[in-house]
Amino acid sequence: MGTAKTFTLLAAMTAIFMAIGFLVGGMAGMILAFVVAAGMNVFAWWNSDKMVLRMQGAQEVLPDTKNPMLRAFGEDVARLAENAGLPAPRIYIIDTPQPNAFATGRNPQNAAVAATTGLLNMLNREEVAGVMAHELAHVQNRDTLTMTVTATLAGAIGMLANFALFFGRDRAGLIGSIAIMIFAPMAAALVQMAISRSREYVADKRGAEICGNPLWLASALEKIERGARSQINPYAERSPAMAHMYISNPLNGRGQDKLFSTHPSTANRVEALRRMAGEMGISGVAAPTARSSGPWG
């Protein structure tokens, strides 16, 4: 997605925020909403990684960890970052059985990647590498800042819309307040999804280039989708506005390209990756390498 389109989408979310502010407090409310939206963008610029990681219950994995699987995981991420020409990101783990992962940070120099314990336990080493290469692609494409700012505004719009029901009666009437309360979060969600869904395809392609085998990511996506259907991610459930940051929707496992899906269809993503593998002369399921005999087996 181009920079111009990203700014357009973020401007649309700010406009929604301002419209609700007008309903709640007239012109003064609209101006205040604009100031708050601008402040949230500035806050997200400097604190996006800390905010998201804290809300998702992520714990940093230090290089000297005694856990052999986590140590190998960190080494693999560092190797992938080197392949991509990126600084090694900080690495975090989220204690939840649902397999998933995300990246955050305002730029490659301040990036962080996080994986769930479910991801490391359910996927083999090549598949984990494919997932982390995808997340590093988001870092390289500088998607992480945009996605975090979008999540912040989307969550704030939902909360502000709820206030409209109680404070906007005199200005727009009860019916208008209810309409804003319903449709403003929906509009914010559509903007959020438009950002997420288009970027996932780009990150899939670049991630496959970083790890060297599109089939690793294709296989991982299929396993992650199955895991998302059967396992709950309590951190994502508590902050659904951040669902689009994960590699696969942590709130549901539906595989259709529906209007209110935060991610493209897994089947479509896998098909594109398999097509890419064919163009690279890679066929079948990649056999485990010698390094895969470690923690992942």
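Cβ coordinates come from backbone N, Cα and C, glycine included.
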Since Swiss-Prot lists His134, His138 for Zn(2+), which candidate among Glu60, Glu75, Glu200 does it give for that site as well? Glu200
Tell me, how many other CB atoms lie within 10 A of the CB of His134 (Zn(2+) binding site), whichever protein chain they belong to? 29
For Glu135 (active site), the number of neighbouring Cβ atoms whose distance to its own Cβ is within 10 Å equals 29
